[in-house]
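Lifted from TrEMBL, the feature list:
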DOMAIN    33-274  domain 'G-protein coupled receptors family 1 profile'
TRANSMEM  22-42  transmembrane segment
TRANSMEM  49-68  transmembrane segment
TRANSMEM  102-128  transmembrane segment
TRANSMEM  140-162  transmembrane segment
TRANSMEM  168-192  transmembrane segment
TRANSMEM  213-235  transmembrane segment
TRANSMEM  255-276  transmembrane segment
């Protein structure tokens, strides 16, 4: 609050506020879309595969992100109406819980994307051994480890590193994410070229290879959307932590509500990618909303 008041004195940038109706609508749509993805995967036994379980993990992360921003906005509204104070013990615990949910959403999204990337990598370059390497049981164990680590990390950061509760994950994980993307595509490109002739000689490879590359393209879209939606908010947190009194930083921080809305837009876009890129999911959605015939 003090930073916001000070910023108004050193910058002419006006605060950009997203209408509450738009904010809650975007959040509700994101939660419902990801919930539909989860229901579709549960109902269709043909989707009980490691790849779709990793996609469900990403959907849960997106739902947590939308839920976090919704609760935060409700918390701010209640504070403005006088029902809650900003510095009470209950409010501090509630704020810590929301910070923990936010970090859990971010970590869950990152590690779910990493799991999807690893699954696509194995599918492309170890196609003949994929079902032996990535079994359903192994995928569930990976997800259990991911969410246990993310939950423990989010609680620990919120409780023991309050001032840096949101800065540390952003500063460490986002550069690693960018580095991972670069290494992933360079390695895939080089390895695909070296194995192109060997793969072409195998029977029924063309269609299989096309399917695998389609999965790689889907992963590319996931990563691109994730970075575009989360990076502005991450930059806001970093600027608020390291240069809150700088006029240029304060001017960028005036679009805080827009950056928060982008996070929820990520939860809307991801299920659309699922439905558009996966024929099996499209078929399941049609069966869910249309007549069985």
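Note that Cβ sites are derived from N, Cα and C of the backbone, with glycine treated the same way.
Note that the structure is a prediction, hence the values are computed from the model and not measured.
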Q. So, does the transmembrane segment (22-42) come close enough to the transmembrane segment (140-162) to give 3+ Cβ pairs below 8 Å, pairs being at least 6 apart in sequence?
A. no
**Q.** Taken over the domain 'G-protein coupled receptors family 1 profile' (33-274), the model's mean pLDDT
**A.** 78
(Q) Please report, as numbers and ranges, the same-chain residues at least 6 past the borders of the transmembrane segment (255-276) whose CB is under 8 Å from any CB of it. (A) 15-18, 22-23, 26-27, 29-31, 33-34, 36-37, 55, 58-59, 62-63, 65-66, 69, 72, 109, 218, 221-222, 225-226, 228-230, 232-233, 235-236, 282, 285
